[in-house]
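Novice: These came from Swiss-Prot, pasted as-is:
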BINDING   Ser100, Asn116, Phe117, Arg118, Gly266, Gly267, Arg268  substrate binding site
BINDING   His104, His114, His153, His183  divalent metal cation binding site
ACT_SITE  His114  active site, proton donor
SITE      His183  site 'Important for dimerization'
REGION    248-283  region 'Important for dimerization'
Amino acid sequence: MQEKISKFEDFLTQLQQNITTALEQHETNAAKFISDKWQKPDTPDQKLKGYGNSMIIEGGEIFEKGVVAFSRVHGSELPPSATAKRQELAGKSFIATGLSLVIHPRNPFVPTSHANFRIFIAGADTDNPIWWFGGGFDLTPYYPFEEDAIHWHQTAKNICDKHDKTYYPKFKKWCDEYFYLKHRDEYRGVGGLFFDDLNDKSFDECFNFVTDCANSYLDAYIPIVAQRKNIEYSQKHKDFQLYRRGRYVEFNLVFDRGTIFGLQSGGRTESILSSMPPMATWKYNWQPEPGSEEEKVYQYIKPRDWIK
């Protein structure tokens, strides 16, 4: 099992380089991804041990802020967020390896994107370790274009269909349901793919699906960035982007499993919260003007069948 974990780690660290390099090619000023390698000390007072590399870009003309973060951690006991629906895992040691990214563009016409790909092994030090994969990618537009959502979902479907034709409808629905702000009765964006507890096939089959899915993120996102990054925008557009970013913050702090897991398990707070946007605003009881571009967004981000 250790060999398989290391193989996935090697894939993720290479993927991190591929993604940051591809994004930097679209940046028009001197902003670059900065590498912040870290290691948790292996001492008794540390609940979580391990290491990682958080790559951050800030202040770009295209990417106002972005993080592509790798981590490999282990602990003596899974936190409550990981065992709430799987009580049989309570008290088990674990290893978790993953890559998580969030890209916050400066231009309100370029959507925010998020992706995460991970493996968990519970009881890795026992004769019967329990493994599963999780991950996916989702898109959060502020001023949406239907062709962007169609391209995003078509890319997702193509990858899923290559492995299992039941995956796309199942993981799309899961994504729609997961990225939902219950307290607002709003969806975060136009979705994509979300899956967890993936071990329905052999390890190699699941590994191949997850790595193909991870490799397809750039195919899904880069054409949208290239198409929208030079659209002119006004302060009104920027203000609405900042307002909608507030919803992003609310979701990450209240509902996101990865954030909650990281904080509950004693993870590296600076890396966990690096996905937060550089700026966001909240307005009391604000409502978009009827018939405005802003009002249309709320109809657009409801779940729908993007691929006819």
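Quick reminder: no glycine exception, Cβ is built from N, Cα and C everywhere.
Help me see these features in their spatial surroundings.
Specialist: If you take the C-beta of Gly266 (substrate binding site) and look for same-chain residues 6 or more apart in sequence within under 8 angstroms, you find Gln46, Lys47, Leu48, Gly75.
The Cβ of His183 (divalent metal cation binding site) lies under 8 Å from the Cβ of Glu250, Val254, each on the same chain and at least six residues away in sequence. Annotation note: His183 (divalent metal cation binding site) sits in a coil segment as assigned by DSSP.
The number of other Cβ atoms within 10 Å of the Cβ belonging to His114 (divalent metal cation binding site), over all protein chains shown, comes to 24.
Counting residues per DSSP class in helix, strand and coil order gives 22 helix, 0 strand, 14 coil for the region 'Important for dimerization' (248-283).
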Novice: Nearest of the binding-site residues to His114 (divalent metal cation binding site) by CA-CA distance, picking from Ser100, Gly267, Arg268?
Specialist: Ser100
Novice: Counting only residues 6+ apart in the same chain, whose Cβ is under 8 Å from the Cβ of Arg268 (substrate binding site)?
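Specialist: Spatial neighbours, sequence-distant, of Arg268 (substrate binding site): Trp38, Lys40, Gly52, Ser71, Gly262.
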Novice: C-alpha of Gly267 (substrate binding site) to C-alpha of His153 (divalent metal cation binding site): distance in Å?
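Specialist: That comes out at 32 Å between the alpha carbons.
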Novice: Give me the count of other Cβ atoms within 10 A of the Cβ belonging to His104 (divalent metal cation binding site).
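Specialist: Its Cβ has 27 other Cβ atoms within 10 Å.
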Novice: Counting other Cβ atoms within 10 Å of each residue's Cβ, which of the binding-site residues Ser100, Asn116 comes out lowest?
Specialist: Asn116
